[in-house]
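Here is the structure we will look at.
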Amino acid sequence: MTTVYTLVSWLAILGYWLLIAGVTLRILMKRRAVPSAMAWLLIIYILPLVGIIAYLAVGELHLGKRRAERARAMWPSTAKWLNDLKACKHIFAEENSSVAAPLFKLCERRQGIAGVKGNQLQLMTESDDVMQALIRDIQLARHNIEMVFYIWKPGGMADQVAESLMAAARRGIHCRLMLDSAGSVAFFRSPWPELMRNAGIEVVEALKVNLMRVFLRRMDLRQHRKMIMIDNYIAYTGSMNMVDPRYFKQDAGVGQWIDLMARMEGPIATAMGIIYSCDWEIETGKRILPPPPDVNIMPFEQASGHTIHTIASGPGFPEDLIHQALLTAAYSAREYLIMTTPYFVPSDDLFHAICTAAQRGVDVSIILPRKNDSMLVGWASRAFFTELLAAGVKIYQFEGGLLHTKSVLVDGELSLVGTVNLDMRSLWLNFEITLAIDDKGFGADLAAVQDDYISRSRLLDARLWLKRPLWQRVAERLFYFFSPLL
């Protein structure tokens, strides 16, 4: 009996070390950033079983077998659609401003199409204005309405949008709604999904959370896009979820969420439509390629102004493109660079690009919320402040609520707005969308919004920052070490 017990013990020990060695080898063989690999190895060696389970669950990008197969199957038809779109030469810009040209060339080379011209844009900063405009557009819709959101929280004006969407479906408009399973958990536990389906709306719960499949698909891979397309002509995107901020996270202690949305009219809606069709096919297996833009789709003067490139990320989309776009924007800056984000845990490359811009004389400002709804990200963000301040970057801490806007403005001409936070999750993991806009007029509008944010912010004093307590510095460095995993 003793011999059997000893043998079992040795086999258990051997299996334990083989498991650690196998996971270690898997981490080392994956092409990933060194800080990320080191952080995972530290967790595994300090807390082996917890670390191994965590790595197998969220350490690698698993879309899931079925969705991965759909992603591979959709690309031949999507590539053909994009190639056919090139025949619509009237919608593509032939040149860009000097500051935007490198980024637009990058997007064209990697996505296969040039920037789309002939669009009319409107920046919207008040949730009531966004929802009222959306309700009007829904009421005037003639053919189709397609939406995707990370969060849909019932209550307030969000319910009015839901009612108008159901009314549209009842009068024959083809309505599709895709919502992230984790972000919209309150919605899917409410009566609204059944009400909408009964009205004729196709409602899809994207990336369902299922703990039984935790090792088969990465559970923290989320559908983070916020997009609306109406009649393949009107489109919305930005940082705002389908929530009324007066009813959303009121007990979080961070104030109301402050967002920015762009409402667009023009052929850019078609470019956004192909992104939506890819998401829909990955999730449902159904192909819904949008029609090409009509030759008469551009009523705006000379079909000029507001040239836009859509940049999408996520499994199945061009890898690392949003990260490359942000790097290109930072290195293209000559006069000033203003970045707004609720979560600031950048990659080493992006962090150095920001510091380098400031060190070569560019006026660099970063606007962050003073209070954050994520304690981990909040502490990790502060670990970057000392080097940013030393490089000459201005850090503004917004005090008027949780600033949720994601925006970048370069030299007043190149603007980036969308759903992408400056953190690892947005840069490398989630389904995201960003608009790159080459237009001085839009840049002026965005600058006015950012100036308003700055007027409601406090500039971080470098001298006071260096005098913060030792325990805060220790906490910052601790969370910074794990920042590659956040």
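Even glycines carry a Cβ here, placed using N, Cα and C.
Beyond the ends of the transmembrane segment (3-23), by six or more residues, the same chain brings 44-45, 48, 52, 55-56 to within a C-beta distance below 8 angstroms of the stretch. Residues annotated as transmembrane segment in Swiss-Prot: 3-23 (among others).
The annotation transmembrane segment is assigned in Swiss-Prot to 38-58 (among others) on the grounds of sequence analysis.
Look at Swiss-Prot and you will find 219-246 tagged as domain 'PLD phosphodiesterase 1'. Mean predicted confidence for the domain 'PLD phosphodiesterase 1' (219-246): the pLDDT average there is 93.
Long-range Cβ neighbours of HIS224 (active site) (same chain, at least 6 residues apart, Cβ-Cβ under 8 Å): TYR150, ASP180, GLY183, THR419, SER426, ASN430, PHE431, GLU432. Annotation note: HIS224 (active site) sits in a coil segment as assigned by DSSP. Marked as active site by Swiss-Prot on the basis of sequence analysis: HIS224 (among others).
Note on LYS226 (active site): other Cβ atoms within 10 Å of its Cβ, all shown chains, come to 23. Here Swiss-Prot flags LYS226 (among others) as active site, drawing on sequence analysis.
Summarising the annotation, Swiss-Prot assigns active site to ASP231 (among others) and lists sequence analysis as the type of evidence. Sequence-distant neighbours of ASP231 (active site) (same chain, six or more apart, CB under 8 Å from its CB) are ALA141, ARG142, HIS143, ASN144, ILE145, ALA269, listed in sequence order. Secondary structure at ASP231 (active site), as computed by DSSP, is coil.
Panel annotation: around the domain 'PLD phosphodiesterase 2' (399-426), residues 97, 99-100, 103, 150, 220, 224-226, 237-240, 252, 254-260, 262, 311, 313, 322, 325-326, 329-330, 332-347, 350, 367-373, 377, 432-440, 442-444, 446-447, 449-450, 453, 456-458, 483-486 of the same chain, lying at least six beyond its termini, place a Cβ under 8 Å from a Cβ of the stretch. The domain 'PLD phosphodiesterase 2' annotation in Swiss-Prot covers 399-426, and the record cites sequence analysis as its basis.
Positions annotated as active site by Swiss-Prot, on the basis of sequence analysis: HIS404 (among others). Around the Cβ of HIS404 (active site), the same chain contributes SER239, MET240, TRP257, ILE258, ASP259, PRO342, PRO369, each under 8 angstroms and 6 or more positions distant in sequence.
Feature annotation from Swiss-Prot assigns active site to LYS406 (among others). The local packing around LYS406 (active site), expressed as other Cβ atoms within 10 Å of its Cβ over all shown chains, amounts to 24.
Neighbours of ASP411 (active site), defined as other CB atoms within 10 A of its CB across all chains, total 20. In the three-state DSSP scheme, ASP411 (active site) is classed as coil. Positions annotated as active site by Swiss-Prot, on the basis of sequence analysis: ASP411 (among others).
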Query raised in the report: Distance between LYS406 (active site) and LYS226 (active site) at the Cα atoms, whole Å?
Result: 12
Query raised in the report: Apart from its near flanks, which chain residues at least 6 from the ends of the domain 'PLD phosphodiesterase 1' (219-246) lie with a Cβ under 8 angstroms of it?
Result: 57-58, 61-63, 124, 127, 130-131, 134, 137-138, 141-153, 155-158, 161, 178-180, 182-183, 206-207, 209, 211, 256-257, 259-266, 268-270, 272-273, 275-276, 279, 290-291, 293, 297, 312, 315, 404-406, 417-419, 425-426, 429-433, 435
